[in-house]
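Okay, structure first, notes after.
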Amino acid sequence: MPLKHYLLLLVGCQAWGAGLAYHGCPSECTCSRASQVECTGARIVAVPTPLPWNAMSLQILNTHITELNESPFLNISALIALRIEKNELSRITPGAFRNLGSLRYLSLANNKLQVLPIGLFQGLDSLESLLLSSNQLLQIQPAHFSQCSNLKELQLHGNHLEYIPDGAFDHLVGLTKLNLGKNSLTHISPRVFQHLGNLQVLRLYENRLTDIPMGTFDGLVNLQELALQQNQIGLLSPGLFHNNHNLQRLYLSNNHISQLPPSVFMQLPQLNRLTLFGNSLKELSPGIFGPMPNLRELWLYDNHISSLPDNVFSNLRQLQVLILSRNQISFISPGAFNGLTELRELSLHTNALQDLDGNVFRMLANLQNISLQNNRLRQLPGNIFANVNGLMAIQLQNNQLENLPLGIFDHLGKLCELRLYDNPWRCDSDILPLRNWLLLNQPRLGTDTVPVCFSPANVRGQSLIIINVNVAVPSVHVPEVPSYPETPWYPDTPSYPDTTSVSSTTELTSPVEDYTDLTTIQVTDDRSVWGMTQAQSGLAIAAIVIGIVALACSLAACVGCCCCKKRSQAVLMQMKAPNEC
């Protein structure tokens, strides 16, 4: 048989097979060769028929179906996944899911269900995931789930539940994920979860819970995530989590917690994320956190904390992110951050800090980003960053800084982001070392806002980087010499140097210091080959050399910079919600 005949036969067989696959597909639906059926559209008001007998996945979405009658899926017993979402569904007849013994996934989310018939899920012996979220359910009863012994995931969030009766989940011994968030729960019985020994994720966020009784979580020995944020909890019982040794993520943010019992976090060796932001905490006592050797993130912003004592975080040896912004912190003890040798991100912005001890950050050898903006800092010790050699980003904007110590940033070779704007900089002769360092490291300041002078009044509003500072010199008679050329402004660059920049105190002499020295030396009439005095020639040469070096540094920053500018997604927050719905 010629080759073209084989090809025609092959095409014909494929077309015939495709016709079989699509046989029985309703006109309102689309059916694929992979036994997947999707029925969507407002024109659909009832379950389309006939459905393909071999369908394994059926989706009915965005229709005007208001009820499911008995046995609409009787002829598709091989169905494994059924999604009936975003419809007008308000009533389901018992027996609607009859003959679906192979069904493993059932979603009735985003409908208008208020009541679940008893026995609705009878016969669904293989069901593993049941999604009832975003409906209008008013109550659940133990009989609703008594036939779902294989269930692993139950989603009930986004309903109108006010109470969970004892025994509601007693038959769900294999359940690993339970979501009860976004309801109207005001109270949880200490016995409601006692048979859920395999549960790994429990979410109770965005309810109206005011307290959690002792023993509520005692039976949840395998729990890994507990979400209690956005409730009205005012007090935590000391032993509330003492039996949850496998807990990894604990969300307690946006409640009314005003104090933490001394032993509340003592039995959580696996915890790696703890959120307490948006509460009413006023103080943190030493040892309150720990021992938690695996904690990586601690979120404490938006509280009323006023001070940080010594060793308050000393048990958190692996902590990498510490967020203390938007509190009322006015004092930090020199040993407050003892033990935080692995910390990468420290946020202290928007507090009431006026002064910092020179040793307060000495233990933070691995710190990369520090946020100190929106405080009242008047000065910084010269050794404030002495042991923090890996800093990449420093936020100091919107403080009360008038100057900074000589060489404060010289050793920070990895620094790629420095924010100094919105400070009342005093642009007199004392500002020259800082001005010269900024001139040589201008790309690190960013392109949005640069620091400007606040005083004296005659230079207010002028850029600190390009300002000409009049240096007072001894009163001696000197011939007229050209004024020192204005420091050139170099274009900003999005890149940042990845090696230590030349500072004003090391390899390059301060240009204004040269100017001062030259004007105090007795000047002769000897002229150079350019027709200048020696002082004029030296001044011109110094200006040219400094300009070339500054330009070279700026160009090197443009070409060679690959400094990491990574910013923790926790500080930008945003101050956004830390766990999924």
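Glycine is no exception: its Cβ is also placed from the backbone N, Cα and C atoms.
Annotated topological domain 'Extracellular' per Swiss-Prot: 22-538, in sequence order, evidence recorded as sequence analysis.
Panel annotation: around the repeat 'LRR 2' (78-99), residues 35, 53-72, 105-114, 116-124 of the same chain, lying at least six beyond its termini, place a Cβ under 8 Å from a Cβ of the stretch. Per Swiss-Prot, repeat 'LRR 2' is recorded for 78-99.
Annotated repeat 'LRR 6' per Swiss-Prot: 174-195, in sequence order. Counting residues per DSSP class in helix, strand and coil order gives 0 helix, 3 strand, 19 coil for the repeat 'LRR 6' (174-195).
Swiss-Prot lists 366-387 with the feature repeat 'LRR 14'. When pLDDT values are averaged over the repeat 'LRR 14' (366-387), the model yields 97.
Taken from Swiss-Prot, the feature transmembrane segment applies to 539-559, supported by sequence analysis.
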Which residues of the chain, 6 or more past the ends of the repeat 'LRR 14' (366-387), have a CB below 8 A from one of its CBs? 325, 341-360, 393-409, 411-412, 419, 566-568, 571
How many helix, strand and coil residues does the repeat 'LRR 14' (366-387) contain under DSSP? 0 helix, 3 strand, 19 coil
